[in-house]
Amino acid sequence: MRKIVPQNPLNKKIAVEDESRSVAFGKAPAPVPYTSETNIYLVGMRASGKTTLGKLLAQKLSRPFLDTDDVFVEQHGQSIADFVAANGWGAFRDAEAEILRSVSKSKGQVISTGGGMVLRQENRELMHRSGPVFYLYAEVPVLVQRLQADPLQDQRPSLAHSSLEDDLRAAFAERESLYLGVAHFVLPAVESLQDTLADALDKLQLLARVRK
Ligand SMILES: Nc1ncnc2c1ncn2[C@@H]1O[C@H](COP(=O)(O)OP(=O)(O)O)[C@@H](O)[C@H]1O
Ligand SMILES: O=C(O)C1=C[C@@H](OP(=O)(O)O)[C@@H](O)[C@H](O)C1
Ligand SMILES: [Mg+2]
């Protein structure tokens, strides 16, 4: 068995499972049996790369890709920013939970979630019991940099009407334990996309082998 030596910033919270790739198992119990029919979920903060990595992963695995924010916009015919301005965040969280319930009924997809999907216990339980959950972990300064470069304000209206950095810090403080709690794997989201993709594929191969 591989020696478990914590070596990255996550080491205070979880055991690092694979030193060479610095990918860690989260605190959550093992995921459901993994087959080509199992959905794969990506969770994490805004701009951690869920949508970008999810598309790559789906392509590599020849699976359908789905982003819960895209489904929201298709269903509502308006941007998240406009919807939240008119109806508030609570209404968005209701709609987001309904989307997750609905899309998770289909099988074998890679599902990138919006950053706040973990806020509802119902969502966390659903994801956790229906497929492997990857938490894309990045620290706030990295997220700030990415959001300044590519804000997508229609998709990501301010959460608390504070500065971008304060918004992210408050969200990170509230959500970090939720991400860690729901995740079966934690992927440092600051590596190159190709490295992060390789990490995720390694972990899925491991799950496929465990099943046999
Ligand atoms: N590993 C990475 N390294 C550098 N930039 C990245 C990485 N992953 C994503 N990005 C960039 O960060 C921004 C947010 O990515 P996105 O996939 O939309 O994140 P999310 O869906 O988690 O909000 C995009 O501009 C994307 O190109
Ligand atoms: O962090 C959040 O609460 C949100 C993140 C966004 O998705 P991304 O994480 O894909 O940016 C989007 O769902 C919405 O603006 C809420
Ligand atoms: Mg996204």
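Every residue gets a Cβ built from N, Cα and C, even glycine.
When TrEMBL records ASP69, ARG93, ARG175 as binding substrate, the matching candidate from GLY49, GLY115 it lists for that site is GLY115. For the ATP site that TrEMBL gives as ALA47, SER48, GLY49, LYS50, THR51, THR52, the extra residue drawn from ARG156, ARG169, ARG209 is ARG156. DSSP assigns SER48 (ATP binding site) to coil in the three-state reduction, placing it in neither a helix nor a strand.
Note on proximity: among ARG93, GLY115, ARG175, the binding-site residues of the record, the Cα nearest THR52 (ATP binding site) is that of GLY115.
When the record's substrate-binding residues ASP69, ARG93, GLY115, ARG175 are compared pairwise by CA position, the greatest distance found is 18 Å. Excluding the listed site residues ALA47, SER48, GLY49, LYS50, THR51, THR52, ARG156, the same chain places GLY44, MET45, ARG46, LEU53, SER112, GLY115, LEU136, ARG146 with Cβ atoms within 8 Å of the centre of the ATP site Cβ atoms.
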